[in-house]
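What follows is a single structure, written as structure tokens, with notes after it.
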């Protein structure tokens with residue numbers, strides 16, 4: 001192992017700071033820089049934009065599904081990467097009130113890799129792809145909006161028409177939804 | 001009582017330390033030379049203790065009684081009633097006051113020659129010039145974020161020789177202790193030689209997170225009911241007004257949660273919700289055990305002593321401790337990860353003409369490191385700046401104009417460090433700009 005004695009001798013009395021340019025780089029940013037460089041492989045249905053280009057830790061994901069129940073919609077999510085990243089997953093919220101079995105009316109998202117199945121080997125890219133998957137394959141067995149899940153399970157056609165109605169800003173069971181049509 | 005400061009007490013006080021420091025022995029460091037001067041060395045060496053909580057109180061007491069006289073201690077917290085059972089430097093009248101300040105006061109009162117400087121701050125409030133004052137840093141923290149922060153701070157302060165080897169004199173050893181109930185660990189980190197906090201990030205227990213759907217629809221445990229109230233009902237009902245977050249120490253808040261969690265538990269035939277349990281879940285309390293803190297702190301303090309005197313070889317380098325059933329201890333060296341994004345991430349220097357355009361710098365990086373689509377960002381005067389990003393359309397449009405600008409126009413001065421991420425590389429690179437004057441290059445040509 002290292003000979004500490006030499007360290008002690010040469011360090012004693014040098015209170016000066018090491019060369020001027022030193023500053024720390026946050027471990028989260030170090031990792032995020034790598035993650036974000038991979039976003040070029042995203043499908044055209046998922047778009048990432050930054051409200052502030054110099055703040056890489058906050059961004060917006062826009063999903064425009066090209067098939068399935070939600071085709072024609074434009075869904076917007078906010079992503080926040082905290083300093084614990086990648087020890088903890090990014091925080092994701094839907095910014096609109098939408099009708100979806102796995103997203104509640106407050107915008108909370110039920111996606112396993114965002115909570116109990118998060119692992120530091122997963123990346124921003126894997127989360128975004130998972131989010132896209134929620135719109136091509138909404139999962140009624142794992143619901144956050146129980147009523148929507150029930151309808152999807154029992155009557156697909158009603159579910160389809162509910163989705164179409166709510167995406168246009170309609171009201172369902174007394175709840176007014178946001179208009180999320182892309183045109 | 002205070003320790004008397006007369007000569008005979010002084011002599012007796014150090015009898016045992018002198019046996020260690022003034023005699024050779026078979027278990028000593030092979031390079032150790034016994035000396036009567038080492039004792040005074042302990043007095044002068046500057047130590048930083050991070051955290052003045054359960055471990056911090058033990059650490060400060062251990063160091064001060066061992067003869068360390070120049071100690072700084074950082075803690076951003078104030079004293080709470082629930083701390084008093086184990087944070088023995090505090091009493092009831094100290095509640096609400098700064099942990100660091102009260103701990104320092106207590107020790108200086110009790111041990112006259114010891115000088116403790118308290119800092120009621122976050123560790124993030126200080127920069128490299130502060131941390132470089134210390135020979136050894138000891139941590140008694142309860143947060144992974146804080147550990148990672150000080151770890152990467154110390155790595156960023158390392159200097160490298162021309163073979164990219166760490167210059168030993170630039171290392172500030174980090175002794176890290178941690179406890180959780182009956183379990184604990186202590187480790188010695190010498191950046192560049194041992195594994196670091198980031199190398200072994202997977203060793204930390206994962207955060208307990210219940211599936212949101214379970215909380216929303218299928219609770220099975222009393223915890224699920226409490227989480228349902230805090231994460232779903234609270235934001236909806238805003239029982240104490242909009243914008244009021246849950247305060248785990250507020251009796252009214254916890255009572256409200258107990259009431260509604262009990263209701264939900266009854267609906268799902270779940271039992272076991274009461275005030276104490278609910279507060280435990282809300283504050284994510286893990287019961288602290290005073291004896292675990294004492295064990296871990298004493299291991300850490302011993303390593304600090306060894307580092308300060310070089311008398312005995314260091315622990316190599318990670319000790320885990322568990323006394324749930326009997327006592328189990330193991331000491332082993334976790335491997336230094338060759339791909340650790342922090343401690344294996346030796347910054348590279350690129351030389352570039354001071355009049356160059358940013359495009360030339362990007363081209364040089366792409367060619368030299370075989371990059372595909374680099375994302376480059378930096379910090380200039382504490383402000384983050386995204387210099388180049390092509391992986392999204394918006395950022396491509398916003399940062400492409402930088403290519404035509406000169407380094408000077410972008411604020412990229414000599415010695416500035418940039419972060420470069422790329423799909424072709426396993427982790428981001430740290431790149432330091434080394435500007436050459438146009439004169440030099442012309443003569444070189």
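We number each residue from 1, going along the chain as drawn.
Placed from the backbone N, Cα and C atoms, the Cβ positions cover glycine too.
Summarising the annotation, TrEMBL assigns domain 'UBC core' to A:27-172. The active site, glycyl thioester intermediate annotation in TrEMBL covers A:110.
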(request) Compile a sequence-ordered list of residues in the same chain as residue A:110 (active site, glycyl thioester intermediate), six or more apart from it, whose Cβ lies below 8 A from its Cβ; state 'none' when nothing qualifies. (result) A:102, A:103, A:104, A:142, A:143, A:144
(message) For residue A:110 (active site, glycyl thioester intermediate), which of the three DSSP-derived states applies: helix, strand, or coil?
(response) coil
(request) Report the DSSP secondary-structure composition of the domain 'UBC core' (A:27-172) as helix, strand and coil residue counts. (result) 50 helix, 27 strand, 69 coil
